[in-house]
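Structure first, then comments.
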Amino acid sequence: MIISKTREEIEIMRESALIVSKTLGMIAAEIKPGVTTLELDQKAEEFIRDHGAVPGFKGLYGCPSTLLTSVNEQVVHGLPTNKPIEEGDIVSVDCGALKNEYYGDHAYTFEVGEVAEETRKLLQVTKESLYVGIREFKMGNRVGDVGSAIQKYTEAHGYGVVRDLVGHGLGKKMHEEPNMPNYGKRGWGKKFVEGMVVAIEPMINMGTKNIKQLKDGWTIVTRDGKPSAHFEHDVALVDGKPELLSTFAYVYQALGIESDEENEFRATPFVI
Ligand code: MG
Ligand code: MG
């Protein structure tokens, strides 16, 4: 069953989402060659607790960490390690926070130093596909409208759309109904309802869509060893339209990037 949220609940969820957004902004400033994902994980936990929240992933399904950090061919669910990040790496950082009983869950793939042009393109297209998907999250549409839009957009670039992992409803539980696949058919699946909140999160591979899990029981990697990207936003359906609860504004501030990409999904532009 899809659990609709009241306006009040959506505002509470916005707070949780923004704590994650700020955490990703902090990570953006810290991530560089020589830093380990374990160091980032410790900083993230401290940051989240300083903001009156608790890490959303830690302890959930036995997850040992605050962040899931997926480097290069790692798709998602990478566990932080003491291996230093290297120049040219891409690192997908997925983060959750729980405050006032509601979850935020949001992710960004970072470029570390100079990244290969074809990899930068993968990141750009994956992020664009996130907004292509969000645009379809509106009254009258269904789960398959979001998925098929993301699939069509990314496959047009020759990329592989991960099938086994999907976006999801979000609320008092990290994973609520409905599942939000990044593939599908127009008009397929559950109908969207006012007040629902979802995490839309394309996981897009440069090569094959096929993945496997490493022996650590967590880390998902591409079968062909090619890079993978992951971007995720928390979105509420308000007045029949998608409204962003999370923001990349803190990441962009840290990286010195100017962007108005989120403005169409807000009543007023987000100001830090
Ligand atoms: Mg996530
Ligand atoms: Mg998620």
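Glycine residues also receive a Cβ, built from the backbone N, Cα and C atoms like all the rest.
ASP105 is the residue from ASP105, ASP216, ASP260 that TrEMBL records in the divalent metal cation 1 site together with ASP94, GLU232.
Summary of the site annotation: TrEMBL records divalent metal cation 2 binding at ASP105, GLU201, GLU232. Screening the candidates HIS157, HIS168 against this entry identifies HIS168 as the one listed for that site.
Here the binding-site residues are HIS77, HIS168, HIS175, and the one ringed by the most other CB atoms within 10 angstroms is HIS77. Under a cutoff of 8 A between CB atoms, and with a sequence separation of 6+ in the same chain, the neighbours of GLU201 (divalent metal cation 2 binding site) are ALA107, LEU130, VAL166, GLY167, MET180, ASN182, HIS230, PHE231, GLU232, HIS233. Residues ASP94, HIS106, ALA107, GLY167, LEU170, MET180, VAL198, ALA199, ILE200, HIS233, ASP234 surround the recorded divalent metal cation 2 site, their Cβ atoms falling within 8 Å of the Cβ centroid of ASP105, HIS168, GLU201, GLU232, which are themselves excluded. All protein chains included, GLU232 (divalent metal cation 1 binding site) registers 24 other Cβ atoms within 10 Å of its own Cβ. According to its DSSP assignment, HIS77 (substrate binding site) is coil. The shortest Cα-Cα distance between HIS168 (divalent metal cation 2 binding site) and any of the binding-site residues ASP94, ASP105, HIS175 is the one to HIS175.
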